[in-house]
Structure formats: C-alpha cells, structure tokens
Amino acid sequence: MKTAAIIGGGVIGGGWAARFALMGWDVRIFDTDPEAERKIGEVMANGRRTLPMLYDTQMPPCGAISYHATVAEAVKGAQWIQESVPERLSIKNAVFAEIAQNADADALIGSSTSGYKPSELQENQGSFASRIMVAHPFNPVYLLPLVELVPSSKNPPEYVEKAKEILTSIGMYPLHVRSEIDAHIADRFLESVWREALWLVKDGVATTEEIDNSIRYGFGLRWAQMGLFETYRVAGGEAGMKHFMAQFGPCLEWPWSRLTDVPEFTEELVDLIADQSDAQSGDKSIRELETLRDDNLVAMMRALKQQGAAAGKSLIEHENTLRAPLPETVPLITQSRTVPVDWTDVNGHMNEGRYGQVFSDASEELMTHIGADRAYIAAGNSYFTAETTIRYLNETHAGEGFSVATRVLLGEGKKLQLYHEMRRDVDQELLATCDQFLLHVSLETRKSCPPLPEVEARLAKLAAAHKKV
Ligand SMILES: NC(=O)C1=CN([C@@H]2O[C@H](COP(=O)(O)OP(=O)(O)OC[C@H]3O[C@@H](n4cnc5c(N)ncnc54)[C@H](O)[C@@H]3O)[C@@H](O)[C@H]2O)C=CC1
Ligand SMILES: C[N+](C)(C)CC(=O)CC(=O)[O-]
C-alpha cells in the first residue's frame with residue numbers, strides 16, 4: 001500500500017493531501033490547528049470535483065485519509081512525507097527533527113517551502129539530511145502539475161530519482177532544480193512580477209484589476225503554453241531569438257522596470273491594494289473564486305491536452321500510466337470517468353453532443369479489447385459507425401462520475417452491433433442508452449470488408465457470452 005504523510009494541512013498541505021488521496025495513496029495528516037479536518041475537507045472537496053475532470057480514463061480508487069495527534073503517529077508507514085508548515089525556518093527545522101526520529105527508514109521527505117534552500121532545511125539533521133529535499137508545488141496542488149524538486153549535495157542521486165518517480169506517479173511534473181538558490185526558479189519570477197505590480201499600483205499607474213487584465217487577456221495565455229523564451233523566439237520573427245534580443249535588449253538597461261526596489265509596505269499601500277482588490281473581487285467569496293479558478297484551469301489544461309502541449313503533454317503521459325486492459329466482465333465496462341466542465345452547455349448539464357463522444361469512446365475501448373487496436377488500424381483495418389440511436393434519459397453534470405456498460409449484440413462478418421448503457425456512479429441512474437451499428441472497413445479502399453480472423457473470433461466469443469445474460 002502506498003502511504004503519504006502530510007505535516008501541516010493548510011492551503012498547500014490540504015492540496016497535497018487531495019492529490020495523493022485521489023491518486024490512490026492513503027494519507028495520514030498531522031496539523032496543530034483544531035479546525036484542520038474541516039479546512040482540509042473543503043480543499044479535498046475542490047480536488048475531488050475537479051482533478052478527475054482532467055482525465056479521460058478511470059482513476060485509481062481514492063485512498064483513505066486519517067488525522068493523527070502527533071507527527072510520530074502520522075509518519076508511521078509513510079513512504080513519502082510532505083512538510084507544509086508555515087514559512088518559518090525554526091518551525092520547519094523543529095518539524096524535521098521530529099520526523100527524523102519517527103519516519104520509516106526508507107521514507108523520503110519533501111518540503112513545500114517557497115523560498116528556503118534544501119541545505120537550510122537539512123541543518124542539524126545528521127545523516128537524515130540525505131532524505132530531505134525541497135518539493136515546491138503550486139496552488140492548487142491537486143490541479144497544477146509543476147513541482148520544483150531541489151536537492152542539495154547531501155541528497156544521493158538515487159533518492160532524487162526515487163522522488164521524481166513518486167511525484168510523476170501522482171501526475172506531477174518534477175522540475176529538477178540543479179543548483180539550490182533562494183526561491184528556486186518560479187518564485188523568482190513571481191516575486192519580480194509582484195514587486196513591479198505593487199509599484200504600478202503605488203504610483204497610481206494602474207489598479208489591481210487593470211494589472212490582472214494586462215496578464216489574463218495577453219501574455220498570461222502565451223506563457224501557459226510556450227513559456228517565456230519560446231514566446232520571444234517567435235516574437236523575433238524569421239530572424240528569431242538573436243533579432244529579438246537586438247531589438248529589445250537595450251530596454252533592459254534604460255530600464256523600463258523598477259524591479260530592484262521594493263515598495264515599503266506602509267499601512268497606506270496595504271490599504272490601497274486591499275481596497276482595490278475588494279472592489280475588484282469582493283462580491284465573491286474565496287470558495288467561489290476557487291471554483292472559478294479551478295474550472296478555468298481544468299478547461300485550459302484539457303485544451304492543452306488536446307494539443308499535446310505543455311501541462312497537457314504531462315497529463316497525457318500520466319493518463320497513459322493509468323490505463324489498464326478492460327476486465328472480462330459481462331457486460332464490458334468500457335467507460336468509467338467524470339464529466340469535465342468543458343462538456344457542459346448553456347443548460348448547465350452535459351451537452352447532447354458529448355453523449356455521442358462517450359459512446360464513440362466506449363466503442364473504441366471495445367475495439368481495442370477485441371484486438372482492433374491502434375496497431376490493427378495502422379495496418380489498414382478499422383470499424384466505421386454506420387448508425388447510432390441515442391436515448392437521452394437523464395441529465396448529468398460537471399464533476400459527476402459515470403460508467404458505460406457495453407454488450408455485443410452481433411459480431412458476424414463485417415457487421416458489429418453494440419448496445420451501451422450509461423449510468424451515473426452515485427445512484428446507478430440510467431442516463432442514456434445507445435444502439436450502434438458499425439461496419440468493418442479497409443482503410444485502403446474505404447469499403448466494407450470482413451475483419452481479420454483473430455478479431456472475428458474474439459467478437460464471436462463476446463457475442464455468445466453477452467447473449468446468455
Ligand atoms: N500558499 C501558497 O500559495 C504556497 C505556499 N507554499 C509553501 O507551503 C508551506 C505552507 O504554506 P500554506 O499552506 O500557504 O500555509 P497555511 O498557513 O495555509 O498552512 C500551514 C498549516 O500548518 C499548520 N501548522 C503550523 N505549525 C505546525 C506544526 N508545528 N506542525 C504541524 N502543522 C503546523 C497550520 O495549522 C496550518 O494549517 C509554506 O512553506 C509555503 O511557503 C508553497 C507553494 C504555494
Ligand atoms: C506566494 N508564494 C511564494 C507562496 C507562491 C508560491 O510559492 C507558488 C504559487 O503557488 O504561486
């Protein structure tokens with residue numbers, strides 16, 4: 001059994017707990033706050049609703065979450081321990097000392113620290129230091145894949161590799177930061193952008209809302225899919241990066257920005273920012289903003305997945321590790337997944353067109369199951385759908401889990417007839433049915449023809465089994 005311990009279950013620890021549990025790990029939590037269980041429950045609910053929407057496949061069964069009264073108890077049996085206590089070195093060092101005395105001999109420890117170097121966290125931990133690394137995630141941890149993995153010279157390469165393996169297995173993208181440095185890589189950017197934004201507000205150049213709009217309508221969209229350097233390479237036109245640098249390099253020296261100074265956090269500045277932020281978003285609760293943020297992230301990441309780009313590429317790679325052959329049940333369970341937010345329409349439910357996609361995906365799973373898989377198709381044979389009758393029986397909404405049970409009604413020669421039933425997980429309500437008639441075709445002639453003998457035999461066996469019940 002895979003077990004993770006979470007020490008400190010606030011915004012970030014709660015996010016880690018949700019990601020580990022939703023990826024099938026048992027999670028043991030210690031937090032000093034008596035309200036921790038309620039707070040983590042809310043983060044968990046956000047993660048439970050949105051993380052499965054990223055995947056077009058069955059998720060592992062959710063692991064068990066338990067709360068413990070001490071660090072010693074929480075870390076028992078854990079292969080991965082994630083420290084997410086407040087950003088104070090003294091608190092972190094004290095927690096590591098307690099973990100060191102109680103962790104299993106083979107446990108690895110990740111720290112969520114936004115700014116401390118691993119060597120600072122490892123101070124006074126003796127040989128246990130070799131097991132402590134920075135594993136800095138991004139909020140919300142259950143959706144965003146990036147985790148900056150920062151080892152020091154005290155961490156042997158095999159521990160670093162093991163850490164990467166574990167983080168990848170829960171759908172994260174570990175970016176190995178090869179030189180330890182304050183605030184790693186990403187927080188350096190975030191801090192410089194934040195500092196510049198504070199000046200723009202303080203100097204009365206822009207409001208918090210105008211600054212946010214300058215990001216979300218423009219370069220924020222570019223950054224999510226190409227980052228900084230690739231974007232600028234394209235901006236250099238045909239002459240590429242060198243031309244871009246020649247054209248815009250001098251501005252760095254004028255300079256356009258005030259990045260080196262920090263505006264003083266006077267009461268006046270804090271009030272100015274807080275008041276503008278209230279005017280911008282005060283009509284929505286933090287929970288409502290989280291839901292907006294998470295739904296938009298899911299939709300954007302699914303679009304990137306469609307393109308196989310950036311965070312979407314790592315999603316595809318992770319999803320491939322979750323795929324497993326269909327169990328030989330009667331009927332076959334050809335889909336088991338969650339309705340993603342981008343499948344819903346103006347009526348607030350799953351759009352009718354998506355039912356067609358669900359049943360098409362179910363048929364594709366069945367094709368793989370009978371041997372008409374990617375290799376078979378690449379060799380020039382496939383099935384085309386000739387007729388589909390869908391009955392829409394009940395609504396389903398974003399975040400609801402469902403499955404599709406498929407029966408082979410006919411599998412003779414070039415003819416294949418399937419009957420699918422789609423049911424909601426929580427109450428087994430029948431949502432839709434689909435009668436589907438397919439023809440085996442040659443992809444060379446684009447005309448119907450009999451399948452290869454092994455596929456035909458497999459189909460005949462299934463049809464016989466499905467007829468009996
Ligand atoms: N909030 C953010 O956007 C991000 C924060 N981080 C890092 O994650 C860490 C945690 O930050 P947040 O979750 O934002 O803080 P938080 O304040 O939301 O959560 C900290 C939690 O630790 C608990 N705690 C305090 N002392 C403890 C102890 N001795 N043992 C166990 N639990 C204890 C608190 O009760 C609280 O629930 C920090 O190192 C921070 O730099 C990393 C990425 C993003
Ligand atoms: C503000 N912050 C430094 C705590 C931010 C992070 O560490 C990462 C994030 O999620 O933005």
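The backbone N, Cα and C atoms fix where each Cβ goes, and this holds for glycine too.
Bear in mind that TrEMBL entries carry predicted annotations, made automatically and left uncurated.
Feature list (source: TrEMBL):
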BINDING   Gly8, Gly9, Gly10, Val11, Ile12, Gly13  NAD(+) binding site
DOMAIN    4-178  domain '3-hydroxyacyl-CoA dehydrogenase NAD binding'
DOMAIN    185-249  domain '3-hydroxyacyl-CoA dehydrogenase C-terminal'
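Locations of recorded TrEMBL features on the structure.
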{"residue": "Gly8", "record": "NAD(+) binding site", "contacts (Cβ under 8 Å, 6+ apart)": "Phe30, Asp31, Glu83, Ser84, Val85, Pro86, Val95, Ser112"}
{"residue": "Gly9", "record": "NAD(+) binding site", "contacts (Cβ under 8 Å, 6+ apart)": "Ala17, Ile29, Phe30, Asp31, Asp33, Ala36, Lys39, Ile40, Ser84"}
{"residue": "Gly10", "record": "NAD(+) binding site", "contacts (Cβ under 8 Å, 6+ apart)": "Asp31, Asp33, Lys39, Ser84, Pro86"}
{"residue": "Val11", "record": "NAD(+) binding site", "contacts (Cβ under 8 Å, 6+ apart)": "Val43, Asn139"}
{"residue": "Ile12", "record": "NAD(+) binding site", "contacts (Cβ under 8 Å, 6+ apart)": "Ser84, Ser112, Pro137, Asn139, Val141"}
{"residue": "Gly13", "record": "NAD(+) binding site", "contacts (Cβ under 8 Å, 6+ apart)": "Ile6, Ile7, Ile29, Asp31, Ile40, Gln82, Ser84, Val85, Ser112"}
Tally of residues which DSSP labels helix, strand or coil - the domain '3-hydroxyacyl-CoA dehydrogenase C-terminal' (185-249): 56 helix, 0 strand, 9 coil
Cβ within 8 Å of the mean position of the Cβ atoms of Gly8, Gly9, Gly10, Val11, Ile12, Gly13: remaining residues of the chain near NAD(+): Ile6, Gly14, Gly15, Trp16, Asp31, Ile40, Ser84, Val85, Ser112
Per DSSP, three-state class assigned to Gly13 (NAD(+) binding site): helix
Three-class DSSP secondary structure - Gly8 (NAD(+) binding site): coil
